[in-house]
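K.L.:
Could you have a look at this structure, given as structure tokens, before my questions?
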Amino acid sequence: MKIYLVGGAVRDALLGLPVKDRDWVVVGSTPQEMLDAGYQQVGRDFPVFLHPQTHEEYALARTERKSGSGYTGFTCYAAPDVTLEDDLKRRDLTINALAQDDNGEIIDPYNGLGDLQNRLLRHVSPAFGEDPLRVLRVARFAARYAHLGFRIADETLTLMREMTHAGELEHLTPERVWKETENALTTRNPQVFFQVLRDCGALRVLFPEIDALFGVPAPARWHPEIDTGIHTLMTLSMAAMLSPQVDVRFTTLCHDLGKGLTPPELWPRHHGHGPAGVKLVEQLCQRLRVPNEIRDLARLVAEFHDLIHTFPMLNPKTIVKLFDSIDAWRKPQRVEQLALTSEADVRGRTGFESADYPQGRWLREAWEVAQSVPTKAVVEAGFKGVEIREELTRRRIAAVASWKEQRCPKPE
């Protein structure tokens, strides 16, 4: 029996990055031998075991053979005669097909070290094309390591295009697509994930609402980048700088979906694109089984982001009504999320990356003023039933009006 550290732990250690999870491959052993040594079997489809002390995963070396469609149609073979090289060959990328023995020596049968040095994401073998999930995984790796200068090898991108055009991605379940997307949204450069999907044709298949934005022009005065698809990825990049929250990043990505519905004869203007985009947000989120909380926020951001841009022109009644509309009294975090997504929208434009966004500050200040109006005082004043809400709203409007007079500049 020989045991090797494999995959991501080896890769990230060589890149000088923190190692989160360690996975091991066991060569020359059997399930019974692992059980006798105290390991606990957890793999149903192939033999994976948990170490009795560390609880890290130890998998018997195995090969995989395509036996059906999609990413689940594989038959696994695990036996003592499967070599380390056999096991590593089934992996997606050369940089993930590295192993380390107990002496610290790196085993590299597929030039993963060379690709690490050259910052290349390259597939190990043609078997890559048998698993459509790998298209998303490579896009996610491209986003995860973009800050280190990694790019996808030409032949790998070509294979990803071929897989997409062959309809392989249609076998992916919504849950898997969302999971990979969610993971990509946590990276430093999530916009790279969607750009890679567009480069290989997968964006049109998996995110048609976003793909439809490319080639749709916006007024150059407000959008020097002109192309709405480019603007969308720029706003996502900015959102990633402003917040680590997947909620903020995903909803920023969806903020302008309505512009994809504008008839070409009305370009480059997109009047009413915010409310128009709400149905597209719902459609996308329902298809991918996006969590309800994120879906609801995305709907609100699509509908109201342009309203925040005009904050100085809003009257106090409209501001308080906005807080009602986003259910801020029960979900106060939405105020901050709306401020961040609106800021990402403004700064996600060519030449505006460092722009100030005072509307976000004013939104936050107005919220602090409105929520500080005490409900208890209204009740103690003798109001009952529906009168309590009406009087509370009146007092909130009055408080915001007083604040706005002192703190918020009057529109020109």
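Quick reminder: no glycine exception, Cβ is built from N, Cα and C everywhere.
Relevant sequence annotations retrieved from Swiss-Prot are reproduced here:
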- G8, R11, R91, R137, R140: ATP binding site (BINDING)
- G8, R11, R91, R137, R140: CTP binding site (BINDING)
- D21, D23: Mg(2+) binding site (BINDING)
- 228-329: domain 'HD' (DOMAIN)
K.L.:
How big is the Cα-to-Cα gap, in Å, between R140 (ATP binding site) and D21 (Mg(2+) binding site)?
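P.N.:
Per the Cα atoms, R140 (ATP binding site) and D21 (Mg(2+) binding site) stand 17 Å apart.
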K.L.:
Are any of G8, R11, R91, R137 (the binding-site residues) within 10 Å of D21 (Mg(2+) binding site) when you go C-alpha to C-alpha, and if so which?
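P.N.:
Near D21 (Mg(2+) binding site) by Cα: G8.
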K.L.:
Please list, for the domain 'HD' (228-329), how many residues fall into helix, strand and coil according to DSSP.
P.N.:
78 helix, 0 strand, 24 coil
K.L.:
Which secondary structure state does DSSP assign to D23 (Mg(2+) binding site), in the simple three-class scheme?
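P.N.:
Strand, per DSSP.
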K.L.:
Around R91 (ATP binding site), how many other CB atoms lie within 10 A of its CB?
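P.N.:
I get 22 for this one.
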K.L.:
Can you tell me how far the Cα of R11 (ATP binding site) sits from the Cα of D23 (Mg(2+) binding site), in Å?
P.N.:
12
K.L.:
Tally every other Cβ atom lying within 10 Å of the Cβ atom of D21 (Mg(2+) binding site).
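P.N.:
Its Cβ shell of radius 10 Å holds 10 other Cβ atoms.
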K.L.:
When you measure from the Cβ of D23 (Mg(2+) binding site), how many other Cβ atoms are you left with inside 10 Å?
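P.N.:
Within a 10 Å radius of the Cβ of D23 (Mg(2+) binding site) lie 16 other Cβ atoms.
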